[in-house]
Every structure is written in C-alpha cells, then in structure tokens.
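Chemist: Before I ask anything, let me first share the structure, which is written out below as structure tokens.
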C-alpha cells in the first residue's frame with residue numbers, strides 16, 4: 001500500500017540533521033516537514049507515489065513516477081550516480097545522444113572524458129612523446145637507419161576504435177546494473193518530467209549531468225578555427241598551428257602537436273600561462289616548453305582570422321598578424337552545456353556562464369532536480385564528478401545526506417613536461433596561513449645526463465610554519481601526475497613535513513626529492529614582516 005506524504009519542497013537537507021538530533025519518537029519525527037528529496041529513501045524497486053506540489057501552487061495531487069531517478073547525460077558523474085543508485089535498488093533511466101567523436105553537442109555514452117576529453121587526449125599525448133624518446137635514445141646507444149615517421153591516419157583510426165570499445169563497456173555497465181538507456185535529447189517539461197524525442201518520462205528525482213562544451217570568442221572568421229573537440233579527430237596532422245589560450249587544454253595540445261613535429265605557436269592574453277597555478281610552476285613549464293621549440297606570444301588577444309588564396313590562415317591580434325597557419329585552434333575555456341534543456345522554464349537557476357547553481361548537496365533551486373559534474377562549474381575534473389555522483393546517491397537512496405569533499409583534490413596538466421599538484425599554491429597559503437616555509441628543488445634528472453637534452457624537473461612543498469602541515473605539493477617534470485597522485489593521500493591525511501622527513505625514499509627516483517628536501521628555500525613570515533611596514537612593502541615582504 002502506497003503512502004502519501006505532504007512536505008515543503010523549499011526546506012534544505014539540513015532539516016534532516018536537526019530532526020535526528022531531537023528526542024522524538026518515530027511517528028513524531030515523520031510528522032516533521034522533511035524535504036521531499038529525503039522521503040522514501042529506503043524504498044527499493046518500486047514506483048514512488050507521493051504528493052507532488054503543482055507548479056501553480058494549488059493543493060498537492062498524487063503523482064505516479066516511471067523511475068526513481070532519471071539522468072540527462074551519460075558522462076562520468078551521471079554514470080556513477082545511475083549505477084550506484086541502481087545497485088541500491090532504485091529504478092533508474094538515462095538519456096544520451098548518439099556517439100560522436102567530434103562535437104560536444106552530439107555526445108555518446110561516456111561523455112567528454114571518454115570520447116573527447118581525458119582518454120583521447122592522453123592517447124594523443126602518448127603518440128607525441130615518442131619523438132622525444134627517439135631523441136633521448138641516441139645518448140643510450142640507439143641508432144636508426146632512417147628517421148621514424150608517424151602515420152596520423154592509422155593512429156586516429158586506432159584511437160577511435162578504442163573509444164568505441166570504451167563506450168561499449170559503459171553501456172554494458174549500465175545494462176548489467178539494470179539501468180534503462182534511452183538514446184536521444186532530453187528536455188525538462190516540469191520538475192518531474194523529461195521529454196526525450198517526443199516521449200515523456202517521469203521520475204521522482206532528475207539528475208542533470210551534461211558536462212560542458214568548448215567556448216570560442218566571437219571574432220570575425222571564428223568559423224575558420226577549430227576547438228579541442230575537432231583537434232582530437234583531425235583528418236590531417238597540422239603543419240603549423242596557432243593555439244589561442246593559456247590554460248591546461250592549450251598547453252596539452254601545444255605539447256601534442258610539438259611532439260608530432262608541427263610548428264606550434266601559443267597566443268595568450270596574460271603575461272603567463274596557467275592562471276591560478278603556483279607562480280613558480282607557471283614560469284617553469286613555459287620555460288621548458290619553449291626549450292622544446294614552442295613559441296609563446298604573450299599579452300596578445302585574437303581579433304580576427306582570415307583565409308588566404310593558398311588555403312592557409314592568418315591570425316590578427318592586438319600586436320599584429322601572423323600568417324601561414326594550416327590550423328588555428330581555440331582553447332579558450334569551456335562552458336556548461338545547459339542550452340536547450342528547458343531548465344530555466346521549470347525554475348532551475350543558472351549562473352551567468354550557464355552553470356547550474358546547486359547547494360552543497362548538489363540540489364538545484366528546484367527540489368526534485370539535481371546536478372553534478374562540469375555542468376555545475378565547481379571543480380571540473382572527472383574524478384570530482386565521480387565523487388559528486390557517489391555523494392548524491394548516498395543522499396537520495398541511503399538516507400545519508402553527504403556533501404562532496406573538495407579538500408586536497410589533486411590535478412594534473414598533461415603538458416610536456418607534465419604537471420601534478422595537490423593542495424594550496426604558495427600564494428594561497430600566504431593568504432590563508434600567513435607564515436609558511438617553502439621547499440623547492442630544480443634539477444637535471446638522471447635520464448637527461450645521457451640523453452643530452454635540456455630537460456629539468458621542478459618540485460615544491462608549501463608548509464605551514466606554525467603546524468608543520470604540508471599545505472601544498474607541486475611538480476613539473478616527467479611522471480609528475482603519477483608521483484603526485486601518491487602524495488595526495490599524505491595531504492588528505494594532513495601529514496606534516498616531519499612525516500615526510502621520516503619517510504625513506506626510493507633511489508634513484510625523482511619522487512624521493514619530496515622526502516629529502518630538508519632546508520627551506522625561503523621562509524615567509526607575514527606577521528613579522530608586516531610589522532612596522534605598510535602598503536607595497538608589507539605585501540612584498542609577505543610574498544604577496
């Protein structure tokens with residue numbers, strides 16, 4: 001027998017914590033006005049019948065739902081949430097567009113990461129690194145009768161075959177979990193209904209996990225340029241490419257095409273690449289990429305693109321025009337992919353950039369609609385989307401309201417050389433803690449002693465001077481992402497510099513440097529240095 005409950009949709013999940021803390025019997029507890037998102041959380045494998053408030057504010061009417069959870073978007077966060085929800089007994093459906101390798105507007109099961117993001121990009125990174133390794137091998141006695149050549153067409157075909165395989169795996173995972181996969185474009189009709197290609201589906205909860213799409217600035221000739229989606233699936237390898245942007249996507253593709261022997265020019269509006277990263281890392285990676293032949297054009301903003309009679313392209317900036325490009329690529333950020341979903345028509349609030357506004361539990365302004373991943377523009381990383389999806393399922397189907405934990409989230413830039421980081425930058429640590437100790441190492445790795453190449457490694461620890469806790473860990477050099485992933489556990493556990501010092505290193509390795517740096521490169525004492533000083537003097541002394 002179904003139970004009808006009337007609750008206020010405006011209440012937050014914090015009500016649950018308050019209710020649990022009160023000395024009430026179960027009947028009294030159930031009479032409290034709990035949020036709709038927490039009703040019937042333990043109900044398994046059945047259609048929910050509750051009282052849903054009508055949009056015009058009239059008396060609630062009984063509602064019958066096809067699913068407990070309906071998800072729009074089959075990317076990393078959505079798949080995690082759907083699969084876990086199904087495992088907990090919920091009836092789940094998901095809608096996604098057909099497979100496509102090029103456009104974020106036509107995606108496929110697996111989303112950005114699997115089809116036009118992390119996975120294909122990393123495969124391109126692997127392909128491009130061989131040229132550097134061929135150069136390194138000469139110093140180790142390797143000789144080649146002829147210079148190795150790269151077959152772009154066969155590589156792209158192999159890459160696409162792998163993406164198809166991964167998409168198939170994702171579909172099998174959903175199928176085995178009992179999730180209904182619906183192919184098509186989903187659009188919100190009301191807080192509990194989604195239209196997929198003309199057919200309506202109702203659900204107690206709706207999750208939006210549609211990710212993001214590349215952003216191209218509105219300048220004359222922008223239609224002549226490509227974005228990061230297209231760059232992963234070009235019919236021919238660039239001969240000379242202009243990459244507009246100074247973020248991680250720009251640097252990763254700069255390294256890729258440089259390794260594949262294209263002439264690479266990077267145009268950035270700022271003085272430095274990677275805004276938001278540690279300042280020393282920013283300087284070091286640009287220097288190392290320049291040594292490898294990549295040309296950086298700083299403080300240059302794109303103004304127009306033109307095409308010549310010979311088919312080449314010219315890029316005009318505020319400082320002049322550079323001609324002769326076979327490709328011009330924009331890596332100028334991404335935007336949440338919230339267009340044509342009907343979100344605002346049902347009351348979901350969006351930020352200026354189109355991101356879905358959510359609370360700390362991933363709930364939108366509409367009580368029955370939730371959102372995770374890049375579409376919320378919180379921390380746009382695949383593992384973070386997975387975490388958000390897992391936390392949401394605990395909130396909805398395990399009677400365990402759970403917030404995603406964003407402290408000490410590691411990240412990487414698969415540039416060449418790559419970057420790994422976790423925790424605070426030096427600049428952030430100074431602002432938050434004031435007194436900090438900085439440990440750095442800048443050295444030539446063992447491999448470079450025989451290769452003869454000018455490769456170097458930079459490593460950095462940011463330590464709180466008062467508590468000795470390691471606040472930040474940064475590295476730029478070979479295998480940096482792999483090394484930093486392990487140390488992320490240490491920062492998550494709030495280990496101290498003394499813990500690092502007490503750890504035996506692996507020799508010879510670059511990683512051991514993190515546990516053998518004993519003497520601070522510099523000590524920043526914001527409280528002491530600011531005493532008796534003001535203005536720019538105090539800021540400079542504090543390292544700001």
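Any Cβ shown, glycine's included, is placed from N, Cα and C.
The model shown is predicted, which means the values in this text are computed figures rather than measured ones.
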Chemist: Name the residue, out of 157, 161, 412, that Swiss-Prot lists for the same NADP(+) site as 246, 249, 252, 269, 275, 333, please.
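Modeler: Checking 157, 161, 412 against Swiss-Prot: the NADP(+) site match is 412.
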Chemist: Among 76, 77, 96, 112, 113, 121, 186, 374, 382, 507, listed as contacts of FAD, what is the widest Cα spread in Å, to the nearest whole number?
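Modeler: Greatest Cα-Cα span of the listed binding residues: 54 Å.
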Chemist: Which of the listed binding-site residues (113, 249, 412) has the least company, meaning the fewest other Cβ atoms within 10 Å of its Cβ?
Modeler: 412
Chemist: Helix, strand or coil: which one is residue 170 (glutathione binding site) in, per DSSP?
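Modeler: DSSP call for residue 170 (glutathione binding site): helix.
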Chemist: Using Cβ-Cβ distances, find the residues under 8 Å from residue 507 (active site, proton acceptor) that belong to the same chain and are at least 6 apart in sequence, listing them in sequence order.
Modeler: none
Chemist: For the binding-site residues listed here, 269, 275, which shows the highest count of neighbouring CB atoms within 10 A?
Modeler: 269
